[in-house]
Amino acid sequence: MDSAVSDPHNGSAEAGTPANGTTRPPSTPEGIALAYGSLLLMALLPIFFGALRSVRCARGKSSSDMPETITSRDAARFPIIASCTLLGLYLFFKIFSQEYINLLLSMYFFVLGILALSHTISPFMNKFFPANFPNRQYQLLFTQGSGENKEEIINYEFDTKDLVCLGLSSVVGVWYLLRKHWIANNLFGLAFSLNGVELLHLNNVSTGCILLGGLFIYDIFWVFGTNVMVTVAKSFEAPIKLVFPQDLLEKGLEADNFAMLGLGDIVIPGIFIALLLRFDISLKKNTHTYFYTSFAAYIFGLGLTIFIMHIFKHAQPALLYLVPACIGFPVLVALAKGEVAEMFSYEESNPKDPAAETESKEESTEASASKRLEKKEK
């Protein structure tokens, strides 16, 4: 998981000279401000809209939009899995030809990017279809076993409008595959980020603290302790990061001096912020205090990351600044409002988990039974 804010060319004092030995003109202050301002804005969009869509996703019953719930066990294992993946990629790039690895990764992310972008633009595109558009419903269903032992492996519902969105997304996919243009990269990166915030749900605040705390250590080690993360980020030709040129004002769309932000720095804090929005809604106070607090904390943390990176001219582990801000600010607000207990007792169940469904049914049965008893006593 790429989770660092850096400038691949200007990440250090020596980086003004590219690998071919030619001198790269230094970026102008205006170009730097435009690049990092754009990265900040691009990071906020999937968090904000992904959080809003996560609420509808949690309430929805569509099998194609079921969220994936992260438990405390998943959160504890995630930094280990991410470290193994990162180290594996680093070794692959050292041992095998970078050209062939990136070719395979490009094909893989070409397919994933089309699906993610199609899912992202579908709600917006629905507004442009005429009322008499011939929209047909489809279902892709794969099962294993038969009778009572039948188990659904894939159950995806879609319609003709989704197929149109898939076609439009394929155009972006071909553009990315052929040109590797930074705009196509960012379209896929934004789609991945929004889908991650929307569909990955933490089951409670404690799990979020475990996940962010573990990745806090992960980020510091792999950025400051080794050059592994920065090396992989530079070698990895896939839309796992948002990029924006610092020389856009001089070279236009053909600019090539990029600042970058890993998608991990968007999705990981984003799913925690989305959880706090759902917690806000569960309080039924018609306020989104914790969501706005954590959202402002993210802006502060990422802004501080960019500032520190610019001062020290070195890639920064963004989660070093984002994690304390995104956890600390909402907890301080909860302390001030006396809602710490409510915050840490808020729980979301996995809609795919039969045990959770059974427990929910039992709770509703018990609740209705207690109501009947109360009526009889009256």
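Heads up, the Cβ atoms here are built off N, Cα and C, so glycines get one too.
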Query = In Swiss-Prot, which of these is labelled N-linked glycosylation site: Asn20, Asn204?
reply = Asn20
Task = Validate this pair against Swiss-Prot: Lys234 and His288, same side of the membrane or not.
result = no
Key: Helix-strand-coil residue split for the topological domain 'Cytoplasmic' (203-209), DSSP-based   = 5 helix, 1 strand, 1 coil
Query = What parts of the chain pack near the transmembrane segment (291-311), using Cβ distances under 8 Å and only residues at least 6 beyond its ends?
reply = 5-7, 32, 36, 39-40, 43-44, 47-48, 51, 265, 269, 272-273, 276-277, 280, 318, 320-326, 328-330, 333
Ask   = the transmembrane segment (182-202) and the transmembrane segment (101-121): do they have three or more Cβ pairs under 8 Å, with pairs 6 or more apart in sequence?
value = yes
Ask   = Which range out of 78-98, 210-230, 257-277 gives the transmembrane segment (32-52) the most CB pairs under 8 Å?
value = 257-277
